[in-house]
Amino acid sequence: MQFDYIIIGAGSAGNVLATRLTEDPNTTVLLLEAGGPDYRFDFRTQMPAALAFPLQGKRYNWAYETEPEPFMNNRRMECGRGKGLGGSSLINGMCYIRGNALDLDNWAQEPSLENWSYLDCLPYYRKAETRDVGENDYHGGDGPVSVTTSKPGVNPLFEAMIEAGMQAGYPRTDDLNGYQQEGFGPMDRTVTPHGRRASTARGYLDQAKSRPNLTIRTHAMTDHIIFDGKRAVGVEWLEGDSTIPTRAAANKEVLLCAGAIASPQILQRSGVGNAELLAEFDIPLVHELPGVGENLQDHLEMYLQYECKEPVSLYPALQWWNQPRIGAEWLFGGTGVGASNHFEAGGFIRSREEFAWPNIQYHFLPVAINYNGSNAVKEHGFQCHVGSMRSPSRGHVRIKSRDPHQHPGILFNYMSHEQDWQEFRDAIRITREIMHQPALDQYRGREISPGVECQTDEQLDEFVRNHAETAFHPCGTCKMGYDEMAVVDGEGRVHGLEGLRVVDASIMPQIITGNLNATTIMIGEKIADMIRGKEALPRSTAGYFVANGMPVRAKK
């Protein structure tokens, strides 16, 4: 089998590349996905409110686990990643958050990454998006990904939480992806107008999968990339339960889009990475790149949970006797409780003036429950998800075997810097202040977690060690740049090799201020044009907010 391009991983970026490259009918593409199809009849992935279900099994989730995290009481922590057409866009929380403009401007400060500035990237965010309330300078109107904005009157807790943030002195913003990210406001979501999850399989592959020049193979576990000298010339994979490898040749390029955990793992198995690590497993060295698998970053978050005095939370939706009605309303009408992920309000703030742009993110949820659906509080409640955005802590991904079915060693080194602890203490104390504003007096009952007795630095730190969780945003393990630890250049091409690119969240040099899916899609769109030799979309002229030393909040 021969193709022009072989794409490894049908996730948020891989599906973008498969769709854009096959717009040219003379270009042939093979798309390999280790998981299965995105079954449209499976409510677990298609119903927005069911977002916790895919994380509870292994059909759609790689269900990775970290090594014992040394600063988190040696907990082995969850590291869920999507498996199946859509990748992590098939199982994520559907929050459409692009990050802060200054995140990308910060990337562009690196030599030869100048064209990754916010205004250079904004046209590609817009290209990917169809926003339900229409396009403007910041949002697209005819892209593959459906984005739904929160509408007034969904739940009184959303508006009360935004109002409480304003009463605490923080700004309101009507668009967290628009002119000003900083502040509290409604959150955009990747949900279709018919109340279905808008994964990249739905948005991109649905329009491309019938093209004769696109071949999609599911249940295809990539073993390694095949090299001829320093040039990638093909891929070898295992189909289903077979132990007999299948091969295909790439006439032009191999495009690795397997995500921040699997992309470095595949490179290492293919002979690209740290020479000492590869020698441990007798893997012939193709090219030494010490940065492969290093620079691992993530967002850590915790929940502050409160009793709700008014019966307006989603607690009734957790009762089994209400779920058939909710399911029917969603299935036949695309409406109701099932049609939302219920992360419809949130915000970004600076916890201290030393931060030039927001370093703390909030998601508000009108029910008290863990992200993966466990430990639901058995009463009306609500919670704030809060966490820091740009931790200085760095971890790694390293193979533990040549066997493609064996998970790699993953260590995030969460909370390994003093800055981490200061930010989380600040986050808890600021959140409590917001929760005690008059806007929430009508609804706020007792603090369920961490509980009012948890006050001192030592008590707060212990709460974080025991209860903070991943926000499922790993990135950075094949970072873009030109220093000695960089893996790819500004076009995703792997340093020192030919015919091989990495295109996914692993190439982010530094984690962004917000959820990763929207920016991963943007990366796919931008590099697709580079691969095709197309001129970049014209740079945007839209304005954007920069604090420039403004106080973090208004004085009361």
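Using the three backbone atoms N, Cα and C, a Cβ is placed for every residue, glycine included.
A simple way to gauge crowding: the CB of I8 (FAD binding site) has 27 other CB atoms within 10 angstroms, across all the protein chains here. Swiss-Prot lists 4-33 with the feature FAD binding site.
Counting only same-chain residues at least 6 apart in sequence, those with a Cβ under 8 Å from the Cβ of H473 (active site, proton acceptor) are D298, H299, A505, I511, N515, L516. What Swiss-Prot records for H473 is active site, proton acceptor.
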Neighbouring C-beta atoms (10 Å sphere around the C-beta of D4 (FAD binding site)): 17
Residue with minimal Cβ packing [other Cβ atoms within 10 Å] among the binding-site residues S12, T28: T28
Least buried by Cβ count (within 10 Å) of the binding-site residues V16, L32: L32
Most crowded position, judged by CB atoms within 10 A, among R20, D24 as binding-site residues: R20
